[in-house]
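Taking it in order: structure first as structure tokens, then the write-up.
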Amino acid sequence: MKVHEHQAKEIFRKYGLPVPRGYPAFDVKEAVEAAEELGTWPVVVKAQIHAGGRGKAGGVKLAKSIEEVQQIASELLGKKLATFQTGPEGLPVSRLYIEEATAIDKEFYVAITLDRSKSKPIIMVSAAGGMEIEEVAATNPEAIITQTIEPFIGLRSYHARELALKLGLPKNLLNKAASIFTTLYKIYIELDASMVEINPLVLTKDGNIVILDAKIEFDDNGLFRHPEIMEMDDPTQISPLEVEAKKFNLNYIKLDGNIACMVNGAGLAMSTMDTIKLAGGEPANFLDVGGSANATQIANAFKIILSDPNVKAIFINIFGGILRCDRLAEGIITAAKEVSINVPVIVRMEGTNVELGKKMLQESGLPLITADTMWEGALKAVEAANKQQ
């Protein structure tokens, strides 16, 4: 689960981290009141969406007067902001963050996340702050300094000081920077975060260090321990189809292609998407129905898939384990009775009760296209989608 910048900064404040003063605003009037409360000029008006690249997209602007705050707030609120992370459709701006401006000398990057290759947390720092870290990694990877964090030891002060030294921070700020790094790790662990990021952490012209932008992503599996964080969820920042999928415990992420996928297991789902790409197609979604899906959930998965007008074909790729193939077949038949399936459906099943599942589908009379392998299924899905164009 993602949260907005102003929510992440409020968490940072509670942990004693140096964050500029600022207030969220949900309408123009609140934006003006926030600027007046700050009482210093200029102020920064920031659109709040769950994506990076806001500055380049015009979502972060400097205001030098109340009139400018009103104008900028009116321009941003109620509109969609498109960045390189959102895609062309953008995300709705329903709130702003009004923050006191900071005189910047240097910008740095700091983040803690999970290194899946080592199954351990990792801290990344860079003197190339203010830029998108993906861009830095692609063009200047040596600019990113990383250190694996041993879970049984944690991030110690001497580790953090060494990282601050490598960043080239002034000696009088090494302890303060180290404290920021260790506190970030504390937040990462205590709040079950999957990523904590500061971009940028800035050295100000008066010789201080301040957090200018904050990002926290939380592990959904740990949210039951943090009801106060669950309340921060903003459903406007994800696709309505993703909101609907959550109601049925389906893992769904909308993509830009036209071949819908219905798969059990995240690994197989990603392999299926890769195979569709290799076959010349574009996946319309990631959809993991899980191992315990029943006929009702599968029917609801169909409804969600078919709600996407871009879908021209559906590729169902199931390896029957906990989710038996006959249960999948039952779900497909149930879905066909409840919704109008007006695009080609390609089915590839293997595993538990596969023969029974295939028999049920054959006897249903549904116009399904069958495949024996994932590659064959992907090729047939691409061919079927192209015919629908």
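Just so you know, glycine gets a Cβ as well, placed from its N, Cα and C.
Its own atom aside, the Cβ of Thr102 (ATP binding site) has 17 Cβ atoms within 10 angstroms in the protein chains shown. A coil conformation is recorded for Thr102 (ATP binding site) in the three-state DSSP classification, outside any helix or strand. According to Swiss-Prot, the feature ATP binding site maps to Lys46, Gly53, Arg54, Gly55, Glu99, Thr102, Glu107.
There are 23 other Cβ atoms within 10 Å of the Cβ belonging to Asp213 (Mg(2+) binding site). Residues or ranges marked as Mg(2+) binding site by Swiss-Prot: Asn199, Asp213.
The annotation substrate binding site is assigned in Swiss-Prot to Asn264, Gly321, Ile322, Leu323. Summarising the environment of Gly321 (substrate binding site), the number of other Cβ atoms within 10 Å of its Cβ, over all protein chains shown, is 13.
Mean pLDDT, taken over the domain 'ATP-grasp' (9-244), works out to 93 on the 0 to 100 scale. The domain 'ATP-grasp' feature in Swiss-Prot is assigned to 9-244; the stated evidence is sequence analysis.
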Spatial neighbour of Leu323 (substrate binding site) that is closest, considering only the binding-site residues Gly55, Glu99, Thr102, Glu107 and their CA atoms: Gly55
Count of other CB atoms lying within 10 Å of the CB belonging to Gly53 (ATP binding site): 16
Residue from Asp213, Asn264, Gly321, Ile322 whose C-alpha is spatially nearest that of Gly55 (ATP binding site), among the binding-site residues: Asp213
Whole-number Å value for how far Asp213 (Mg(2+) binding site) lies from Arg54 (ATP binding site) (Cα to Cα): 11
Nearest of the binding-site residues (Lys46, Thr102, Asn199) to Gly321 (substrate binding site), judged by Cα-Cα distance: Asn199
Long-range Cβ environment of Glu99 (ATP binding site), under 8 Å and at least 6 residues apart: Pro20, Arg21, Gly22, Leu38, Val43, Val44, Lys46
